[in-house]
Amino acid sequence: MSQPDTRAMSFSKRANLPNTHPLAAFLLHLIVIKRTNLCLSADVTTTSALLNIAEEVGDSICMLKTHVDIISDFGEKTVRGLRDIARRKRFLVFEDRKFGDIGSTVQKQYTAGPFSIVRWAAITNAHIFPGPAIVTALKAAAADAIAAFNRSVETEISVGTPRPSSDEDDGSFDGSSEGVSNDGDTTKLPLRKRSIVAATTIESSTESTTLERGALDEATAQAENDREKALEALGSPPLARGLLLLAEMSSEGNLLTGAYTQKCIDIARDHNDFVIGFIAQHDLNSKPGDNFITCTPGISLPPPGQEGQKVSGDGLGQQYNTPHKAIVQEGCDVVIVGRGILSAKDRAAEAERYRREAWKAYEERVGAN
Ligand code: S5P
């Protein structure tokens, strides 16, 4: 049976299509409730700069994209700070790691080392040039990490771990000071702390996953009148991790074209229980059942007052399109904006300007009024 064209379909309808990945469904509902299909690319180099920008623009975005390897003082403070703001301002964290190695290596890069990405980033991305095992390896690592958390919860719940007090870290999947080992070994973790962290996580994630579709629809519908209530009904993000595949790039002369892009789509279809979408310059959903979220970097707006003026590149290969072109003409869903917002005098106001433009373009595309 064929499925209606996802380009013309509202994000809430897409959230409810059969087989939509739980994290993708959560993101799509969040986008509708917050009326934002804007992702901030927070390419800053210190923890304080990251937390400041997250705080400033958090209300206007659905995702915040990081490059943690450029943060000179990355550590627990970064993870906890970001988690706290993401929870208050309601956005997902996406680490733009661009994995590109053999399966065994990417598993370690994802789960270990100073960054332990799986712990705190709901979404990450990968190139497919090493072949499809990069996806299966990351998927297995994410599943193992989640299972390790669940096991630690079960153990601790059965021995009656106390609930955290309100001023204690109520943590989540991303809250511990150690990495999640991909062999499920939690013995290196600070157990008591971790168990409290994990117990809370599972409870909150259970809450959000037991929310029935109807409840989510209601949450989305409520958004028109009462955003806070709708967000409350939406609950916490699921524990599930999701992957975006780099199918096309924004930079001049890049090699991600033609057969390569097609291969990327094929791999995504084979693993749509983990791959939630693409980094791409246009919508790549073409077959019944495709419901990938297209996230698009290389986005810029002319300065206020100079609308209609062409946006040029950065002199280092980056090429820009406007949100309107990406969303209406190319069918992209989420626009990723870095320097366009980061270099503005009033970054909150500029993020709002991008949010409005991107949302207006989405409404135009799906024919909403
Ligand atoms: O094709 C791509 C893919 C990505 S993820 N082109 C990109 O520019 N990116 C990322 O998006 C890039 O690494 C940077 O973090 C962001 C664009 O930043 P801007 O300042 O040019 O908006």
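Glycine residues also receive a Cβ, built from the backbone N, Cα and C atoms like all the rest.
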Next on the checklist: Given that TrEMBL assigns Asp43, Ser250, Gln318, Gly338, Arg339 to the substrate site, pick the one from Lys13, Lys65, Lys287, Lys360 that the record assigns to that site as well.
Outcome noted: Lys65
Next on the checklist: What whole-number value in Å do you get for the largest C-alpha pair distance within Asp43, Lys65, Ser250, Gln318, Gly338, Arg339, the residues recorded as binding substrate?
Outcome noted: 17
Next on the checklist: Any of the recorded positions Lys98, Asp101, Gln318, Gly338 with a C-beta atom under 6 A from ligand 1? Give them in order, or none.
Outcome noted: Gln318, Gly338
Checklist entry - Taking the mean position of the Cβ atoms of Asp43, Lys65, Ser250, Gln318, Gly338, Arg339 as the substrate site, which residues outside that list, in the same chain, have a Cβ no more than 8 Å away, listed in sequence order? => result Ser41, Pro297, Gly298, Ile336, Val337
Next on the checklist: Helix, strand or coil for Asp43 (substrate binding site)? Use DSSP.
Outcome noted: coil
Checklist entry - Helix, strand or coil: which one is Gly338 (substrate binding site) in, per DSSP? => result coil
